[in-house]
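S.K.: Sharing a structure below in structure tokens format, with a few things to ask.
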Amino acid sequence: MYLYTSYGTYQFLNQIKLNHQERSLFQFSTNDSSIILEESEGKSILKHPSAYQVIDSTGEFNEHHFYSAIFVPTSEDHRQQLEKKLLLVDVPLRNFGGFKSYRLLKPTEGSTYKIYFGFANRTAYEDFKASDIFNENFSKDALSQYFGASGQHSSYFERYLYPIEDH
């Protein structure tokens, strides 16, 4: 399974979604634009998407949920260790109030992994983010040893994806 992402204006991305209703397309609002995500076993219908292989998942994507996309940079010599660490995280995410879905994504190009956490709303996510589970497994401090010394990669950061009707 692959997850493809592309950013643009609400109108442009919504037209893509309307023209391809047979596809698994999900549109969200960010602080400064809109984003469309496509989950697919094959090629994307998006023209120039960022492409990721889904290497771990729980739950289903839903446009009515709040998502946090965490961008985790790494270097070639740390990729396997980062991936192994994240795949070995064995935590009961479903036990967190409001939890809906999780995706661990490996880039098809580049060296920045993504982690998507889906929750019923931002408050439920913030509660999870304050937990020991998050801080010990997904925080910048927990993952910084896998970033590598190279300055060629991006930095660890989060981007919030809001349901269109809520933002």
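Glycine is treated like the rest: Cβ placed from N, Cα and C.
Under the heading phosphohistidine, Swiss-Prot lists His65, His78, His153, citing similarity to another entry as support. Residues or ranges marked as domain 'ABM' in Swiss-Prot: 66-157.
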S.K.: Non-local Cβ contacts of His78 (phosphohistidine) (under 8 Å, 6 or more apart, same chain)?
M.R.: Gln145, Tyr146, Phe147, Gly148
S.K.: When DSSP states are grouped into helix, strand and coil, how many residues of the domain 'ABM' (66-157) land in each?
M.R.: 36 helix, 26 strand, 30 coil
S.K.: Under 8 Å Cβ to Cβ from His65 (phosphohistidine), same chain, six or more residues apart: give me those in sequence order, or none if nothing qualifies.
M.R.: Lys100, Ser101, Gly118, Phe119, Ala120, Pro163
S.K.: Limited to the domain 'ABM' (66-157), I'd like the whole-number average of pLDDT.
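M.R.: Here the mean pLDDT over the domain 'ABM' (66-157) amounts to 92.
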